[in-house]
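Feature annotation from TrEMBL assigns domain 'Alanine racemase N-terminal' to 3-219. For Lys25, the entry in TrEMBL reads N6-(pyridoxal phosphate)lysine.
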Amino acid sequence: MSIKGNLEELRRSVPAEVKIVAVSKFHSSDTILEAYGANQRSFGESRVQELRAKQQMLPEDIEWHFIGSLQRNKVKYIAPFIHLVHSLDSERLMLEIEKQAAANRRIIPCLLQLHVAHEDTKSGFLPDECRRFLAEGRWRDCKHVQLAGVMGMATFTDDLEQVRGEFRLIRSLFEEFKSDYFANDEHFREISMGMSGDYPIAVEEGATIIRVGTSIFGER
Ligand SMILES: *Cc1c(COP(=O)(O)O)cnc(C)c1O
């Protein structure tokens with residue numbers, strides 16, 4: 001099927017309130033333009049250099065999402081334009097985003113990336129690390145970083161009950177943080193979870209943003 005057809009099918013299969021981020025990593029600018037032509041405006045990338053090159057040549061009204069592991073020395077390259085960083089996973093990274101956002105006179109929305117999968121490779125805060133990070137409160141001084149919710153990935157497994165359990169944990173951590181720290185902050189509202197293989201379960205478990213690559217663009 002075509003990218004347009006894939007997008008239309010995906011849009012039909014999730015509620016309209018769920019934001020679809022089209023993960024375009026490793027795909028060409030022409031491929032992105034094809035999705036753009038089908039009214040897709042949110043795209044996700046996981047490498048700074050690739051994102052920066054694409055951002056420079058593609059339409060200005062694209063919302064770029066950073067979904068990969070973000071090195072501090074590269075924050076400056078995306079700070080001028082990034083729409084949402086899904087992968088905030090340390091205080092040091094937050095302090096660098098704060099610095100670069102301030103230098104660009106911007107407020108950069110960021111999601112707390114949570115590590116809930118049973119895999120060593122997935123990055124993010126462990127639940128207790130994230131609790132400690134929030135309790136320490138340095139984020140309150142970062143006026144140019146807006147904590148906007150949480151992001152997570154489930155284990156890559158055929159065991160769908162395990163996947164569901166992990167999405168449930170991400171959701172419950174979101175609820176805990178919301179009530180402990182952000183009850184009066186309307187900006188803290190996003191739960192980014194679900195990829196091509198598991199987004200229907202993520203949506204059932206409360207995702208507000210899904211990050212889908214393969215189901216839109218085909219295999220990378
Ligand atoms: C690549 C990637 C996705 C998209 O994965 P697909 O299986 O192609 O849909 C989503 N989230 C993150 C963090 C990724 O790195």
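Heads up, residue numbers simply count up from 1 along the chain you see.
Note that Cβ sites are derived from N, Cα and C of the backbone, with glycine treated the same way.
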Three-state secondary structure of the residue listed as 'N6-(pyridoxal phosphate)lysine' from DSSP?
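Going by the DSSP assignment, the residue listed as 'N6-(pyridoxal phosphate)lysine' belongs to neither helix nor strand, so it counts as coil.
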Under a criterion of Cβ-Cβ distance under 8 Å and sequence separation of at least 6, what residues of the same chain contact the residue listed as 'N6-(pyridoxal phosphate)lysine'?
Gly44, Glu45, Ser46, Arg47, Glu50, Gly68, Gly213, Arg220
Which whole-number mean pLDDT does the model give the domain 'Alanine racemase N-terminal' (3-219)?
97
